[in-house]
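Colleague: The structure under discussion is supplied below as structure tokens; questions concerning it will follow.
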Amino acid sequence: MHCAQYTAGRCRSCQWLDKPYPQQLADKQHHLESLLAGHAVTQWLAPVFGRESAFRNKAKMVVSGSVERPLLGMLHRDGTPVDLCACPLYPPSFEPVFTVLKTFIARAGLTPYNVARKRGELKFLLLTESTYNGELMLRFVLRSETKLAQLIAALPWLQQQLPQLAVISANIQPVHMAILEGEREIPLTEQQALPERFNQVPLYIRPQSFFQTNPQVAASLYATARQWVQEHEVHSMWDLFCGVGGFGLHCAGPETQLTGIEINAEAIACARQSAEQLGLKNVSFAALDSTRFATAEAQIPELVLVNPPRRGIGRELCDYLSQMAPKFILYSSCNAETMAKDISLLAGYHIERVQLFDMFPHTSHYEVLTLLTLRR
């Protein structure tokens, strides 16, 4: 993959861009195998990968420059702006959208935030595309509500230029820190959920809910989880740290007793919407802390699926699972190092199979799916 900004030394987000892609996969697989070297693994499956470019469904753009000539991209270490509108990780559909958005910023008078001077209003633009129908979700991250009325007044022009804009919102982030978004989200369109579909399973993305940024590989990850669960004829399961419910909704059959737990209420609203659309009657989702929920339960299902943030599931949940001993633990991780530490704490379990999913080409990061079975 060629990137002009990488070649010029202005962007190093893709740290491994100089490394041939087959070597990237081999290095990631070696890293994963070394982390689990102390455990017996029954089956290592070949890594799953997708496109090497144009695979991202989301852009996080720092807004800089002036209101008349805004720049979208990132800030270099020395504070100079780097234009990322032509980033090869984005689909071709994004660049013309960015062109319109630059014009809109000028029309609406949305002054870009200046980090050095701590002045201005528009900090970020967050753009997400649905691979299901091509609709877009756009979030304006503002320092305050000062320019909100101007933004709303100018929206009809933007919606006319970009009819695929289905979900628009403003996020208020008043803190002068490298924090992407604040707690307050202001909806600017009636529709506030972007429809997506993986493997015939309807999913929804709301402004403040997490969603995988590589749809092609994410669809393979969910399909693989479903296959592994179905092979063991599981009738009851938990989906902890469930997000919008992607794993649980793929794995649950009409008779499966599924409980999905996620701290983010927006994500839970998405999961419930999907479950209702699928007609699943034995499925429930709740906006709770996953560890607190689990450790308060006196009974355990046959399978516990966990998809934690980078910190892993931690000792408290590992101790609980070891004590309660579900037949299966399906662990999906975006940080194999914390997953390996957690597995070492899960007494009484054997690693049945492991598979790497390269969600993040040209970087050292990857996702991994691991099936643990209780030793008989």
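Note that Cβ sites are derived from N, Cα and C of the backbone, with glycine treated the same way.
What you see is a predicted model, and the numbers here were worked out from it, not measured in a lab.
Straight from Swiss-Prot, here's the annotation block:
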type: BINDING; residues: C3, C11, C14, C87; note: [4Fe-4S] cluster binding site
type: BINDING; residues: Q212, F241, E262, N307; note: S-adenosyl-L-methionine binding site
type: ACT_SITE; residues: C334; note: active site, nucleophile
Colleague: Do you know offhand how many angstrom separate C87 ([4Fe-4S] cluster binding site) and Q212 (S-adenosyl-L-methionine binding site) by C-alpha?
Modeller: 18
Colleague: How big is the Cα-to-Cα gap, in Å, between C334 (active site, nucleophile) and N307 (S-adenosyl-L-methionine binding site)?
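Modeller: Distance (Cα to Cα, whole Å): 8 Å.
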Colleague: Same chain, not part of Q212, F241, E262, N307: whose C-beta falls within 8 angstroms of the C-beta centre of the S-adenosyl-L-methionine site? Give them in sequence order.
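Modeller: After dropping the recorded site residues, what remains is F210, C242, G243, V244, G246, F247, A267, P308, S332.
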Colleague: If I take the Cα of C3 ([4Fe-4S] cluster binding site) as reference, which of the binding-site residues Q212, F241, E262, N307 has the closest Cα?
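Modeller: Checked the binding-site residues Q212, F241, E262, N307; minimum Cα distance to C3 ([4Fe-4S] cluster binding site) goes to Q212.
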Colleague: Round to a whole number and give the Cα-to-Cα distance in Å for the pair C11 ([4Fe-4S] cluster binding site) and Q212 (S-adenosyl-L-methionine binding site).
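Modeller: Q212 (S-adenosyl-L-methionine binding site) has its Cα 22 Å from the Cα of C11 ([4Fe-4S] cluster binding site).
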Colleague: Measuring Cα to Cα, how far is Q212 (S-adenosyl-L-methionine binding site) from C14 ([4Fe-4S] cluster binding site) in Å?
Modeller: 18
Colleague: When you average the Cβ positions of C3, C11, C14, C87 for the [4Fe-4S] cluster site, which other residues in that chain have a Cβ within 8 Å of that mean position?
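Modeller: Neighbours found: Q5, Y6, S13, L17, L84, P88, L89.
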Colleague: Roughly how many Å lie between the Cα atoms of E262 (S-adenosyl-L-methionine binding site) and C14 ([4Fe-4S] cluster binding site), rounded to a whole value?
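Modeller: Just about 30 Å between their Cα atoms.
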Colleague: Just name the winner among C11, Q212, F241, E262, C334 (the recorded positions) by count of other CB atoms within 10 A of its CB.
Modeller: E262
Colleague: At the level of the C-alpha atoms, what whole-angstrom distance separates F241 (S-adenosyl-L-methionine binding site) and C14 ([4Fe-4S] cluster binding site)?
Modeller: 28
Colleague: Would you mind listing, in sequence order, the residues at least six apart from N307 (S-adenosyl-L-methionine binding site) in the same chain with a Cβ closer than 8 Å to its Cβ?
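Modeller: Looking at Cβ-Cβ distances below 8 Å from N307 (S-adenosyl-L-methionine binding site), excluding near sequence neighbours, one finds D239, L240, F241, C242, G243, F247, S332, S333.
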Colleague: Just how spread out is the S-adenosyl-L-methionine site if you go by the largest Cα to Cα distance in Å among Q212, F241, E262, N307?
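Modeller: If we measure all Cα pairs in Q212, F241, E262, N307, the largest is 15 Å.
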